[in-house]
Amino acid sequence: MILIGASGHAKVILDILEKNEFTVDYLLDANPNIKELAGYNVIEDKDHIDDINQEYIVSIGSNLIRKRVSEQRKVKFGWAIHPDSILGDDVSIGQGTVVMAGAIINPSTQVGNHCIINTSASIDHDCEIADYVHISPSATLCGTIEVGEGTHIGAGATIIPNLKIGKWATIGAGAVVIKDVPDYAVVVGNPGRIIKIGNGEE
């Protein structure tokens with residue numbers, strides 16, 4: 001396994017891979033000054049030749065950068081699922097996705113590619129999570145929720161059942177979402193209110 005991105009997020013992924021007894025060869029990063037992370041060698045990405053026989057994970061927290069990097073690489077992507085997470089029956093996890101410790105994903109939920117399901121996040125039954133989504137620590141998604149591409153759901157946020165959250169939206173930490181959220185919206189507060197609508201991927 002090779003990780004792309006040598007940051008704090010990468011440390012968490014390394015820990016998951018170690019607990020699953022995966023071998024990590026090294027990490028790649030655009031910063032030539034980073035030589036080591038958590039005991040692993042870091043190689044400058046600029047001149048790296050990708051190995052088609054290896055699996056990669058993009059270990060970058062930004063949803064937009066993670067999307068751009070994953071689309072640029074013509075490689076096979078693996079995934080990292082913490083042994084202390086709980087996955088229900090008929091759960092689908094896309095390539096490049098990471099599931100952190102204590103996360104719960106209940107039956108018949110689909111999680112897309114290159115997502116982050118962070119520490120102790122809870123996703124209930126029959127949810128559909130699109131690609132490049134980040135569900136932050138202790139966020140709660142009740143049943144039958146759709147989350148669009150690139151959306152960031154903040155720490156401790158709660159989304160009630162049967163809602164649709166648009167693409168590239170941002171749900172603030174601790175927000176309580178009680179109605180559908182349009183694309184590119186920023187939602188904060190309890191009950192959640194829209195404070196901004198963006199113009200595109202941000």
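Glycine is treated like the rest: Cβ placed from N, Cα and C.
Keep in mind it's a predicted model, so treat the numbers as computed, not measured.
Marked as active site, proton acceptor by TrEMBL: HIS125. Around HIS125 (active site, proton acceptor), the same-chain residues six or more apart in sequence whose CB sits under 8 Å from its CB are GLY88, ASN106, PRO107, SER108, THR109, GLY143, THR144, listed in sequence order.
Among the features that TrEMBL reports, substrate binding site is placed at SER7, GLY8, HIS9, GLY61. The Cβ of GLY61 (substrate binding site) has 16 other Cβ atoms within 10 Å, all protein chains considered. In the three-state DSSP reading, GLY61 (substrate binding site) counts as coil.
Other Cβ atoms within 10 Å of the Cβ of HIS134 (acetyl-CoA binding site), summed over all protein chains shown, number 23. TrEMBL lists HIS134 with the feature acetyl-CoA binding site.
Summarising the annotation, TrEMBL assigns site 'Increases basicity of active site His' to ASP126. Counting every protein chain shown, the Cβ of ASP126 (site 'Increases basicity of active site His') has 17 other Cβ atoms within 10 Å.
HIS9 (substrate binding site) and HIS134 (acetyl-CoA binding site) are 12 Å apart (CA-CA, integer value).
On the backbone, the CA of GLY8 (substrate binding site) and the CA of ASP126 (site 'Increases basicity of active site His') stand 31 Å apart.
Between the two most distant C-alpha atoms of the annotated substrate binders (SER7, GLY8, HIS9, GLY61) there are 9 Å. In this structure, HIS134 (acetyl-CoA binding site) is part of a beta strand by DSSP.
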